[in-house]
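Visitor: Reproduced below are the annotations present in TrEMBL:
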- 1-18: signal peptide (SIGNAL)
- CYS43-CYS122: disulfide bond (DISULFID)
- SER133: active site, nucleophile (ACT_SITE)
- CYS184-CYS191: disulfide bond (DISULFID)
- ASP188: active site (ACT_SITE)
- HIS201: active site, proton donor/acceptor (ACT_SITE)
Amino acid sequence: MVMLHSFLISALATLAVATPMTELDTRSLVARQSSADDLDQGCKDTILIFARGSTELGNMGTVIGPPLCSALKKNLGEDKVACQGVGDMYHGGLVENALPQNTDPGSISTAKSLFEKASTKCPQSKIVAGGYSQGSAVIDNAVQELTGQSRNMVKGVVFFGFTRNLQDHGQIPGYPKENVKVYCEVGDMVCNGTLVVTPAHMTYGAKADDAASFLVSKVQGQA
């Protein structure tokens, strides 16, 4: 009986190793690893609101969202930073890129509501934001719509592969230009007002540390 029991355990272990995760399992795992909802957990000194690029999983994506969050926590302290991805009505679809605002009103509204939630729930916090690809248009338009305390609490914004770079002249209309940093790699044609995606558009993960340093300078340099 003991030998049979051992054999069964060994067989099951072998089967577990030999059976690969299904595509659905893999996507589910990646989505969980690509999401952040820290704003639901309580207030932190600094709150990052980030919008992912088109077709990315989760609410933070994989290219630059999670690396930026990690870099901020490394700089400011794991317990000092809350990272919040833009989800809900922002689905990261492709066709929305062709709309006049390079995204849709529902996505902009979702991001705006997160800024307002952060400012109301955590009035002592400082807010920073970031967006990649279509997500940059989401954050750009959302910040333009902010008023009062919600707007004043936004200390810095970083964009990667800014789809409205040409239209908005590398800034957020009506928002302090010195508080915005745009990352547009050579050869990334979406920064030139097109919807053509080249390999350069996928390289922004390497900018996480630099972008985090910029945001930290804005957080620490403003009351």
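Glycine is no exception: its Cβ is also placed from the backbone N, Cα and C atoms.
For each feature listed, report its degree of burial, its nearest neighbours and the pertinent distances within the displayed model.
Guide: All protein chains considered, the CB of CYS122 (disulfide bond) has 19 other CB atoms within 10 Å. In the three-state DSSP classification, CYS122 (disulfide bond) falls within coil.
A sphere of 10 angstroms centred on the C-beta of SER133 (active site, nucleophile) encloses 31 other C-beta atoms.
According to its DSSP assignment, CYS184 (disulfide bond) is coil.
Using a 10 Å Cβ-Cβ cutoff, ASP188 (active site) registers 24 neighbours.
Around HIS201 (active site, proton donor/acceptor), the same-chain residues at least 6 positions away in sequence with a Cβ under 8 Å from its Cβ are SER133, GLY161, GLU185, ASP188, MET189, VAL190. HIS201 (active site, proton donor/acceptor) carries a helical DSSP state (H, G or I).
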Visitor: Tell me the Cα distance separating CYS43 (disulfide bond) from CYS191 (disulfide bond), rounded to the nearest angstrom.
Guide: 34
Visitor: Does CYS184 (disulfide bond) have same-chain partners at least 6 apart in sequence with Cβ under 8 Å from its own Cβ, and which are they?
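Guide: Long-range Cβ contacts: GLY161, PHE162, ASN165, CYS191.
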Visitor: Can you count the other CB atoms that lie within 10 A of the CB of CYS191 (disulfide bond)?
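Guide: I count 24 other Cβ atoms within 10 Å of it.
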Visitor: Compile a sequence-ordered list of residues in the same chain as CYS43 (disulfide bond), six or more apart from it, whose Cβ lies below 8 A from its Cβ; state 'none' when nothing qualifies.
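Guide: For CYS43 (disulfide bond), the qualifying residues are ALA82, LYS121, CYS122, GLN124, SER125.
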Visitor: Specify the secondary structure state of SER133 (active site, nucleophile) as given by DSSP, simplified to three classes.
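Guide: Note: SER133 (active site, nucleophile) is coil by DSSP, not helix or strand.
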